[in-house]
Amino acid sequence: MTNMMKALVKTKPEVGLWMERVPVPEIGPNDVLIRVRKSAICGTDVHIWNWDQWAEKTIPVPMVVGHEFMGEVVEVGPAVSKHHVGERVSGEGHIVCGKCRNCRAGRGHLCRNTLGVGVNRPGSFAEFVCLPEYNVVSIPDDVPDEIAAIFDPFGNAVHTALSFDLVGEDVLVTGAGPIGIMGAMVAKRCGARKVVITDINPVRLDLARKLGIDHVVDASKEKLADVMRVIGMTEGFDVGLEMSGAAPAFRDMIDKMNNGGKIAILGIAPAGFEIDWNKVIFKMLNLKGIYGREMFETWYKMIAFVQGGLDLSPIITHRIGIDDFRDGFEAMRSGNSGKVVMDW
């Protein structure tokens, strides 16, 4: 194996990414080297491409970016015992310390010292990526490559949706991006009664309909209260999944929750905004912030969903070769796409 590889690198502190030749990562005794087959583009990668304020203060330059992927193990360190050469794998993109209180209690997703693959250390927009054995996840044979490549965002959706009991509940999802749609699909799969998803982007709303979400609301044209009345809801939503990061959507969600309702919040707002805390208090709402995936309970659940027949393939709207990565980023930046998967 050559000691150089192709990779998408943030080489300059400006808009864009560049295909470069960089050294193949060297592995330590507890590491696994993975040949990447497929990579998917995340919203985080778009922030890095755009070189916005968050990226400017977060990303060291140069940096190989990307964290949504699947591939094949090609080398393991001498202390690795759970994975072998030739194995199909994906990986948890949050590297945790293993030493803090939460890590030692089995709550790795709450680690205060988390490092992000493709953010704080070299990522998976490359021919090879190195991960600690702990972060590598085996992919069953009946899970397609392209689905395994989007397990990172699917995990965000599963973590958010499964934060609260969904059986027989009325669920509102704000934000019909890929994660919001997948969250709505999980809610339906888990036995929610009514699942309503809102957005203002017609392309994403159409995608939600194609993926079987029954009640799709264009918030720029319809009032949520009118939709609730038409579908027979009289007391408000039991569970909210906030995926948009948009102030009007979050405020509308709080207004439409039933007393005692529960809201899981994944959407990241571009700037701070106010909500009516009196409504939160007097309606006795339960608000829970969500970040990443529970390690590794969320991974077990999402593999089970796919093996149980949940078809995520329509959420992938663009399948391209890695040399066409600019087209993939253009699709993501437009807001008029589902997931974009790139083949190495």
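Each residue, glycine too, has its Cβ placed from N, Cα and C.
For Cys42, His67, Glu68, the entry in Swiss-Prot reads Zn(2+) 1 binding site, with the evidence type sequence analysis. Sequence-distant neighbours of His67 (Zn(2+) 1 binding site) (same chain, six or more apart, CB under 8 Å from its CB) are Cys42, Thr44, Asp45, Gly93, Gly116, Val117, Gly118, Val119, Gly123, Ser124, Asp152, listed in sequence order.
The active site, charge relay system feature in Swiss-Prot is assigned to Thr44 (among others); the stated evidence is sequence analysis.
Per Swiss-Prot, active site, charge relay system is recorded for His47 (among others), and the stated evidence type is sequence analysis. When secondary structure is read from DSSP and collapsed to three states, His47 (active site, charge relay system) falls in the helix class. With a 10 A radius on its CB, His47 (active site, charge relay system) counts 18 other CB atoms from all the protein chains.
Swiss-Prot lists Cys97, Cys100, Cys103, Cys111 with the feature Zn(2+) 2 binding site, giving sequence analysis as the kind of evidence. Neighbour count (other Cβ atoms within 10 Å of the Cβ, all protein chains): 16 for Cys100 (Zn(2+) 2 binding site). Reduced to three states, the DSSP call for Cys100 (Zn(2+) 2 binding site) is coil.
Secondary structure from DSSP puts Gly267 (NAD(+) binding site) in coil. The NAD(+) binding site annotation in Swiss-Prot covers Ile179, Asp199, Arg204, Leu266, Gly267, Ile268, Ile290, Tyr291.
Local packing around the Cβ, expressed as the count of other Cβ atoms within 10 angstroms, is greatest for Cys103 among the binding-site residues Cys97, Cys103. Cα of Cys103 (Zn(2+) 2 binding site) to Cα of Tyr291 (NAD(+) binding site): a span of 15 Å. Classification of Cys42 (Zn(2+) 1 binding site) by DSSP places it in coil, neither helical nor stranded. Here the candidates are the recorded positions His47, Glu68, Cys111. The one whose C-alpha lies nearest to that of Asp199 (NAD(+) binding site) is His47. Distance between Cα atoms for Gly267 (NAD(+) binding site) and His47 (active site, charge relay system): 14 Å, as a whole number.
Within the same chain, residues at least six positions away from Cys111 (Zn(2+) 2 binding site) with a Cβ under 8 Å of its Cβ are His94, Val96, Cys97, Cys100, Asn102, Cys103.
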